[in-house]
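Attaching a single structure in C-alpha cells format; questions to follow.
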C-alpha cells in the first residue's frame, strides 16, 4: 500500500495491517513520501486512532533502520518515556538511571531533547557535562564499565530526519511520540515506560510484548504524569513471563507519603539538573525529588531483575540514594564520556 492509499484509508477510519503499515513507514523514513503526505498520514492516523498492530509495525521499521548498539549483556534496562504529559517536572527518568546503575543494573538510556518538560534527558545530561556525541561502540563501553550509557536519539535514528519538519509544523502528538521509547537502539528487553495518557498503558504493554520485551512496566499517573507519581495513584500494565497484569499503585504502598509535585517542576535544563542533584543527594526529611526518583528507579531495578518485587526495588533505590553512590555515578559518567570527545569539541 502506497502512502496515498494509506491516507485515504485512515481518513475513512480504516485500520492498516501490519504489512501495510510497514510499507508506509518505510516510505516515510527513506524519503519517498513528501512532507505534505507525511503530515496528512500522521494526522489521519491520529484521528482514527493508532492500533497495537500499527504501532508495532512502525516500531519494527524504525528499529530496522536505526544504528544499533550491540550489548552482550542480560537484563539491559531503559527508562525512556513518551513525554508530552505537560507536567514540567525535572527529568525523573534520567535521575532514576543513575540510581539503577548504582544498584548494579545495566542501563541503556535512550532519549532526546525536551518534549513534556522544559528540558529533556539530553538537555540535562549536557548541562551535567556529559558528552552526547558517542558512537555505538562508545555507548557499549559506557554501559559495560560505568553501568549506564546514553543513546542520543538523533545519533541512532537518522531516518527520522524526513519526519522532523512535518512534526514540528503540526505541533501536535502523533504516533512518533509513542515510537521513541519503543525503538531503543540497544534493544533493551527490560523497561519502565511512561506514557502521556492512560489509554495507552495497556496497548503499549501489548506492543512491547509483540516486539519481544521480557519485563516491562508501562505507567501513567492519575495526575497526568508519564512517571510513577508521588501525588496520586499510578496505573500500571506490567509485562512479565509473557503475561500482562494491570493494577494501580500509590506511593503510600511503599512508605512514601502523598505530596505535591509543585516544588519539583523545572523551567529549564539548569533547574532540572539542580533537582536531579537534590534527588540523588537524598538529604532532608522532606524531599519530593528524592521520593519520586526512588519510586521510578525502584521500578527499573525490579524489571531489570535485581529485585524480586517492586517494593524491594524501591527499598534498594532508597538505600542507593542514601549511600550517595548515585550522585557519584553521574560524575563518573561525565568524566568517562569526556574521554571520547574530539579536540575540536573540548
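Cβ atoms are placed via backbone N, Cα and C, with glycine included.
According to Swiss-Prot, the 5-phospho-alpha-D-ribose 1-diphosphate binding site annotation covers 81, 84-85, 91-94, 109-117, 121. Taken from Swiss-Prot, the feature anthranilate 1 binding site applies to 81, supported by sequence analysis. Positions annotated as Mg(2+) 1 binding site by Swiss-Prot, on the basis of sequence analysis: 93, 227. Residues or ranges marked as anthranilate 2 binding site in Swiss-Prot (evidence: sequence analysis): 167. Under the heading Mg(2+) 2 binding site, Swiss-Prot lists 226, 227.
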Between the Cα atoms of residue 81 (5-phospho-alpha-D-ribose 1-diphosphate binding site) and residue 167 (anthranilate 2 binding site), find the distance and write it as a whole number of Å.
18
Among all the protein chains here, how many other CB atoms are within 10 A of the CB of residue 93 (Mg(2+) 1 binding site)?
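The answer is 28 other Cβ atoms.
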Take the C-alpha atoms of residue 226 (Mg(2+) 2 binding site) and residue 111 (5-phospho-alpha-D-ribose 1-diphosphate binding site) and report the distance between them in angstrom, rounded.
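Residue 226 (Mg(2+) 2 binding site) to residue 111 (5-phospho-alpha-D-ribose 1-diphosphate binding site), Cα-Cα distance: 14 Å.
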Cα-Cα separation of residue 91 (5-phospho-alpha-D-ribose 1-diphosphate binding site) and the residue listed as 'anthranilate 2 binding site', in Å?
23
Nearest to residue 227 (Mg(2+) 1 binding site) in three-dimensional space, by Cα, is which of the binding-site residues 94, 111, 167?
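The smallest Cα gap between residue 227 (Mg(2+) 1 binding site) and any of the binding-site residues is with 94.
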How many Å separate the Cα atoms of residue 94 (5-phospho-alpha-D-ribose 1-diphosphate binding site) and residue 167 (anthranilate 2 binding site)?
25
